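Single-structure report; data block below.
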């Protein structure tokens with residue numbers, strides 16, 4: 001029994017690390033055991049160093065949020081206090097938890113008769129109770145400031161590293177002598193730090209503020225980790241650095257817009273969101289398909305030819321492009337609605353519409369004000 005199980009595990013292990021899948025024709029793992037320069041060639045065992053580094057990144061984050069981000073938040077006027085606590089009421093609490101958080105007019109009238117409360121007072125109770133579950137602005141500010149700092153630093157490092165790399169200026173160099181491309185120190189640090197950061201996000205997602213987009217972001221982090229790990233193991237790290245730097249170009253701007261939003265610097269928030277939207281669309285719908293996909297699909301086909309992991313890698317990159325199109329459409333729709341609604345002064349009856357748009361933004365990863373390019377809708381939150 002034990003022998004059969006060992007044999008099955010051996011077959012599975014052999015299939016998982018099959019040279020026919022991972023490497024081009026006439027290349028074996030033994031060929032990549034050479035020392036090369038720096039860290040030699042990428043090896044799967046290098047990935048193991050990511051986990052203690054991810055724990056270190058998470059620890060640095062906790063210190064950063066406490067000793068740097070929190071004082072900055074207090075300096076810009078964000079209060080270190082939670083939301084207003086709703087008055088304890090067993091009947092309303094039961095309705096809130098078991099039935100609905102947004103009671104309709106009929107239910108409000110029934111509760112009004114049952115409690116002998118004014119309908120408006122019950123509406124206020126439900127609003128305060130909903131706000132009670134929302135995370136404090138201070139906590140959201142600290143989280144965004146940490147992500148902003150990392151994204152900005154890693155983007156600057158990526159630009160500095162790629163500026164002196166030949167494949168940044170000629171993408172055909174991504175495939176020259178592939179897969180016999182030694183791993184330099186700078187490239188190794190770039191890859192491992194990106195991977196460690198996303199692993200730290202995977203860990204912290206279970207302790208951070210629970211957002212509506214929890215599942216979406218969980219899948220996003222998982223896919224990002226998979227792509228970075230996959231490209232590292234089969235030594236497609238040169239084109240991988242281009243993909244990472246391209247995506248980092250807009251991420252820090254989104255976090256900067258969030259920070260401005262939390263600090264109530266509305267005009268700065270709007271400006272940063274416009275810049276983020278423009279860079280996002282240009283990089284994801286312009287540069288990515290015509291620069292990145294061009295080299296991974298066509299230049300690599302010409303220089304090294306397709307093989308099984310090549311098909312998988314390009315398939316994942318094409319799926320990423322589909323996501324870029326969807327996200328760009330959503331961003332454009334949000335920006336268009338905000339610009340259109342910003343042309344008029346809204347009466348109080350329109351406020352729920354703005355709140356709905358703001359909630360949609362939250363579910364789409366952005367804690368941006370939905371209709372506040374020239375008017376503020378943040379009073380509804």
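Using N, Cα and C of the backbone, Cβ positions are placed for all residues, glycine too.
Please treat TrEMBL annotations as automatic predictions, because they have not gone through curation.
The DNA-binding region feature in TrEMBL is assigned to 94-137. Across the DNA-binding region (94-137), mean pLDDT in this model comes to 83.
Taken from TrEMBL, the feature domain 'Homeobox' applies to 92-136.
Here TrEMBL flags 139-340 as domain 'TLC'.
Annotation comment: TrEMBL describes 148-168 (among others) as transmembrane segment.
The transmembrane segment annotation in TrEMBL covers 188-207 (among others).
Within the same chain, residues 22, 42-44, 46-47, 191, 194-195, 198-199, 201-202, 205, 239-240, 243-244, 309, 312-313, 316-317, 320, 365 sit at least 6 positions outside the transmembrane segment (214-233) and bring their C-beta atoms closer than 8 Å to a C-beta of that stretch. Per TrEMBL, transmembrane segment is recorded for 214-233 (among others).
Beyond the transmembrane segment (272-291), the same-chain residues lying 6 or more positions past its ends with a Cβ under 8 Å from any Cβ of the stretch are 171, 242-243, 246-247, 249-250, 253-254, 256-257, 260, 321, 324-325, 327-328, 331-332, 335, 368. The transmembrane segment annotation in TrEMBL covers 272-291 (among others).
Annotated transmembrane segment per TrEMBL: 311-332 (among others), in sequence order. If you look at the transmembrane segment (311-332), the same-chain residues 6 or more away from its ends with a CB under 8 A from one of its CBs are 223, 226-227, 230-231, 234, 236, 243, 277, 280-281, 284-285, 288-289, 292-293, 296-297, 364.
Same-chain neighbours of the transmembrane segment (188-207): 38-39, 46-47, 49-51, 53-58, 61, 150, 154, 157-158, 161, 214, 217-218, 221-222, 224-225, 228-229, 232, 237, 240-241, 244, counting only residues six or more beyond its ends whose CB sits under 8 Å from a CB of the stretch.
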